[in-house]
Amino acid sequence: MTARGTRKNYQRLWRWGTMLLGMLMICSAAENLWVTVYYGVPVWKEATTTLFCASDARAYATEVHNVWATHACVPTDPNPQEVVLGNVTENFDMWKNNMVEQMQEDIISLWDQSLKPCVKLTPLCVTLDCTDVNTTSSSLRNATNTTSSSWETMEKGELKNCSFNTTTSIRDKMQEQYALFYKLDVLPIDKNDTKFRLIHCNTSTITQACPKISFEPIPMHYCTPAGFAILKCNDKKFNGTGPCTNVSTVQCTHGIKPVVSTQLLLNGSLAEEEVIIRSSNFTNNAKIIIVQLNKSVEINCTRPNNNTRNRISIGPGRAFHTTKQIIGDIRQAHCNLSRATWEKTLEQIATKLRKQFRNKTIAFDRSSGGDPEIVMHSFNCGGEFFYCNTSQLFNSTWNDTTRANSTEVTITLPCRIKQIVNMWQEVGKAMYAPPISGQIRCSSKITGLLLTRDGGKNTTNGIEIFRPAGGDMRDNWRSELYKYKVVKIEPLGVAPTKARRRVVQREKRAVGMLGAMFLGFLGAAGSTMGARSMTLTVQARQLLSGIVQQQNNLLRAIEAQQHLLQLTVWGIKQLQARVLAVERYLKDQQLLGIWGCSGKLICTTTVPWNASWSNKSLNEIWDNMTWMQWEREIDNYTHLIYTLIEESQNQQEKNEQELLELDKWAGLWSWFSITNWLWYIRIFIIIVGGLVGLRIVFAVLSIVNRVRQGYSPLSFQTRLPTQRGPDRPEGIEEEGGERDRDRSGRLVDGFLALIWDDLRSLCLFSYHRLRDLILIVARIVELLGRRGWEVLKYWWNLLQYWSQELKNSVISLLNATAIAVAEGTDRVIEIVQRAYRAFLNIPRRIRQGLERALL
């Protein structure tokens, strides 16, 4: 009965307790999320940075690129790392690639650097008296072979023998000199057949290339400084723009040969499967088309003339190198390539173009005109600049049923040689390439083409005409750099978690850790944010990978140039790369220090996560998203989150400072430190001054009050007798009355005595009041403890009651279940028994039925 009464009395309390428990469960389900900082996450963003070069060049090589690479490029990595990024899709755009612009500037700087110490040919800007060199010879082919060997005979007037006056080693004396010039290098004066001048003489400063320099390029690798990476697209059919699903990361590109050529791309990389055509816009005929072959076409070029070189003095300390004479027959330079291989290549290109341009007939034609560098295939062969006529290569029509056929096995391209070259099509810059002695032979591989498409009326006839193009060397570099892009690594990431920074403590500065290669940590880019395979420790260590090794390599390259007392463009870039790598690391460490996360890979904060930044749940974030996807999700709020973390850390440091200021009172012995004595004296003076001031104020108030009542002021220590009541008469003269028992405070004289008396009264008053307060608090605590004990006993009894009720309910439920199961079992057994008996009685029932039928 007592338990039932208790349940009846506290039924309302039970209802409120249930509601409170439900609210707690709801609140726990909607748990707050907090911003957490992660250091070492595999996240990157597109960037432009200073690239430096790596090369296998040797110091004893005299070739211009080799010398340049030896002094300014770092050695290539013997074991380059390429990390495949699984489950990563990245957008590439070869037409908006800053690496191309950098390479263009670098190659131009290379040529300028190589020509700086060379001789200027300004004294040769004089009138030249020229006559045509006789190019006929008795040793030419006979008449039966004139058709096939017509290219061997140099055209009349192609080579000219010129005389001119030049300054000798003595400035005021002139001397007549003779030299051989090619027709492309001189211009007639006033349409005169005998008076000429050097080309570009009136518009450019002509610089003679140094005699020991050749122009054969060697492979160069473009590398990024630490903190950056190069993403590489490995899709075999990648067209240069759009998403790429097979992505890897490297520190340096493959070896790229800086071959300066037009129309045909030489000694480049090949497509892996089939021919690929690339253009920024195929519908715009002004845009160039870059063709990448899947199989190279070998082209062999020759200058058969056996030239001799002559040195002509054009002033003190300056010499002009020219062709003195040609020994033997004067024959034309030429290039040979296989017709079958070339036609097969053109067929593959035409097939690709036909698919791109709606099955129209594809026609190839010669260049439409322009500078010699564009009209002809220009390139450098053994130090001489060849200009070859490619009309035989681009003179065919292709459709589904017909193709060009020819019985000739070899295609021979007639070539002209030019010594004065207008480099990079820039006004004011021209170079004179000294003649090379002896015969010249070179072999190259055609790996690509540069084409343009005609616009206008021809397209309406179902024919698309394509012509060779070139001239902009950016397209040459773009054909090799199409699959690369530079990104900067963003190792700092923020994400919501349930953890909140609880303890205010001072963080210690951590020394930076070194790793092997910083590219390794990007291998986890395709993993989810919560994947166990992604260890932040390894990734954070690898963030500095390459910095130390890279700095050492760059320093060696820079030190190699110190004896020259000058830095090439690469030396400057390497210095920039060194500074940039350190700045990137220090910037991240500075942010971690500002946020109070120095030396931590995972750092909790007190900044609550705002659902407006991202309303995804923790499971959606950590189990389904990569760090790259998450970074794109919150990219617009990253700066705001960083600001909030900084403000939170500033507030925490203020709280920490206030907390540390209380540490000096932690030890009792510090109270007696001599450094605190002046503070104690100051406090004592303030207290005494306050007491004296209060005493004076109260005294003045007392005087004012008494003056208002009509009394004159008395001494400050005079105590007036206490007024007796009406039932207490005064004493009489005969001493018959009560002895005077009026109370009065003791009288003191002097200022110090007055202060001491007031201070004693204040201390006694404080003691009594403090004692009363302690007694009151003790009484309250006693009452609360007693009441709390009673409440605990009540809850314990209530818990025991409900436990017993729950136990009884469970027992009743089990009993009811057992009874129901037992009854069900009995029913089943009874049904089975009846069925069994019915089965056994079947013969009896049959017999009884037969008996009734017979009766």
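Quick reminder: no glycine exception, Cβ is built from N, Cα and C everywhere.
Among the candidates Asn192, Asn815, the residue that Swiss-Prot annotates as N-linked glycosylation site is Asn192. The record in Swiss-Prot lists a disulphide bond between Cys130 and one of Cys118, Cys125, Cys162, namely Cys162. Between the listed ranges 26-47, 510-531, 774-795, Swiss-Prot ties the annotation region 'Fusion peptide' to 510-531.
With helix defined as DSSP H, G or I and strand as E or B, the region 'CD4-binding loop' (367-377) counts 4 helix, 1 strand, 6 coil.
For the region 'V2' (162-201), the DSSP-based tally of helix, strand and coil residues reads 3 helix, 22 strand, 15 coil. For the region 'V5' (460-469), same-chain residues at least 6 beyond its ends with a Cβ under 8 Å from one of its own Cβ atoms are 262-264, 288-289, 353, 357, 360-368, 374, 377, 390, 393-394, 397, 449-454. Under 8 Å from some Cβ of the region 'V3' (301-334) lie the Cβ atoms of residues 119, 121, 123-124, 133-135, 137, 139-140, 151-155, 158-159, 166-169, 171, 177, 179-181, 208, 211, 381-382, 384, 386, 388, 412-417, 434-444, all in the same chain and six or more residues away from its ends.
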